[in-house]
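What follows is one structure encoded as C-alpha cells, with my remarks underneath.
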Amino acid sequence: MPLLTTFLTNFRVVQFVDISNAVNQSISPLNASVLPRATLTVEPRWSPVFTGESVTLKCEIQSHSNWRYQWYKGSSRTAVSQSLTNTFTIRSAADQDQYCCRGERENRPSSSQFSNRVNLSVKEKPKPELTSSHKGAALIGNPVVLYCELDQSAGWRFYWSKHTQSPENETKPETHSYTISSVSVSDGGQYWCRAGRGTPVYYTHYSDALWINTTDVSPPVSLMVSPSRTQHFSADSLSLSCEGQSDSTGWRVRRYTHSQKVSNCSSGWGSVTGSTCSISSLSTSHTGLYWCESESGESSNPVNITVTNNNGILDSPVHPIMEGDPLTLHCLYRDPKPTNLTAEFYKDGSLLQTQTTGEMTIRTVSKSDEGLYHCKHPERGESPQSGISVRTAESAPDLVIVVVGVSFAGLFIILLILLWCYRTHKGHLENINQMSVQNQRESGAEDSQSGHLPVQAGDVHVYDTMQRAGEAADELSDVTYSQVLRKNKKLKNKDADTGSMEVTYAEIELKTKKKPKKKQEMISVNADTVYSEVKQNTNEGKINSIE
C-alpha cells in the first residue's frame, strides 16, 4: 500500500505535471494568437485644436517589432495612410473626426489589435481680447498693464505689437500681460496682441487694436493705500479707499490677479464700506493690480500690491515720484525686529549701496532712477522687487509747441489778410490810373485845340489851363514851374459820370521881363482853380520839375 500510494502519488504528480505541460502546450498556440494591443495618443495634448494647426498622432505597440503602422479615420476600415514610423502628422487640421491605428508585420503575430479611438476636436482660429488695467487716458509716470485674454486650451505664448502689426517688431514677453512700468508720451498709440504655440509656431489672429492715450492731468479720484506702501506681509491687514477732491460716491475698488482676473472688492476678497475696501488678513493671492473705477467706467491710476511670506519687505512709495523730489526707501522686517539693521539696496539686480540704518535716500530723483528695487538683510533675507516710477513734466514742451504753432498760424492769417488788402488797394489804384490815362487821352485832343497843357504829378495826372495872349508868352526865355498844390474837388456837373476821375487845375501866373513896348498879359482860367506863384529862374535854359 505504501508503495502503491507512493506510486499513485507519484503517478498523480506526474500526471498533474504532464497535464499541466499539455495544457500549457495547448494554450501556447492560443496565447500566440492573442493580438498585441495598440495605443493611440495625440501630440500636442491640448484640446481643442484649431483650423490650420498641426497635430501628430502616435501609435505605440508594446510587444514585438518591425511593425508597419496603418491609420484609420472615422468608421472606415480602409487605412487612409500607412508608414514604417509610428507617427502620423496632420499638417493642417480642418475638421473634427475620430482616428485610430493598427500594426502589421511579416511574422506572427502578423497584426495588432485596433487602437483606442481619439476624438480630434477642431475649431476656428481664435482671436484674443486685448484689455487694459486703466480706462481712459493714462497719467504720465504711472504704470499701465495690458492683458491678452485667450480662453482656449493651453500652451500659448503671447506676442505684442505697437503702432503696426509687424512680426519683426513684436515684443515677446511670452506672458499674457504686458507692463509699462512708467508711462511716457511716447508710449501712447495703438497696441495689438496675438498668441502662438507649437513647432512650427501656430499663430492666432491679432486682437483688435487698443488705444493708449497719455495725459498729465490727474484723474479726480486716487486710490489711497494704508499702510502706504506697495509691499505687505501676509496675515497683515490692508485698507484701500477711493479719495479725491470731488465726491467719490459711486467709485469702487477693483483689482486684477492671475487667479481671479478682474474682480470687485465685493466679490469676496474684501469688505466694502462706502468707497473703501478692507482686507483683514492678507495672503499671497492678494498680489495684483488695484484701482478705483466709477459707475461710468472712469478709472484712477492703478497701484501694484505685493503680498509676501518673506521676513523682509521694501517700503517703497505707492504712487510715482515727481522728478526733483527726494525719495527714501526702508527695509522692514517681521517681528521680532533684528538688532542689526544693516541692509543692502539693489536696483535692477545691481547693488547700489549698503546702509547700517536700513534706509536709503535719493536726494533728487531723476528719470534715470526708475527701475526695480529690493533690499537684502544678512539674516532676514531678500524682499520682493518693487517698481519705482518717476513722473516728469513732459507735457510742458508739447504745450509750448502748441502755443508757438497757434501763434504762427495767427500771424500767417494776418499776413494773408494784409496781402489781400494790399492787392485790393493796388487793384483800385490801377483802375484809377487806367481811368486817368483814358481821361487824359480824351481830354488831350480837346486840350491840343484849346491850348491846354498837361502837367504830370505822380500817378495822378493834373492839368493846368493856360491861355496865352499875344506875343508876350512867345518871348519868354526863362520859365519856372512852382510846386502845384492839388485839392480834390467833386465835380458839380450832374451829368458827369460818377466813376470819372477827380481833376485838379492850377492857374499859372507868368511874369515876364519888362520890355518897354509890350504889356504884361494875364492868363484866363476856369472858375474852380488853385493859384500858385511862379518865380522866374535865374538859370537859363533849365526847367525845374514839379515835386
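Each Cβ is built from the backbone N, Cα and C atoms, and glycine gets one as well.
Note that TrEMBL annotation is computational and uncurated.
The following features are taken from TrEMBL:
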DOMAIN    36-121  domain 'Ig-like'
DOMAIN    128-195  domain 'Ig-like'
DOMAIN    302-389  domain 'Ig-like'
TRANSMEM  399-422  transmembrane segment
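Residues of the domain 'Ig-like' (128-195) grouped by DSSP class, helix first, strand second and coil last, total 6 helix, 30 strand, 32 coil.
Applying DSSP to the domain 'Ig-like' (36-121) sorts its residues as follows: 0 helix, 40 strand, 46 coil. Counted with DSSP, the domain 'Ig-like' (302-389) comes out as 3 helix, 46 strand, 39 coil.
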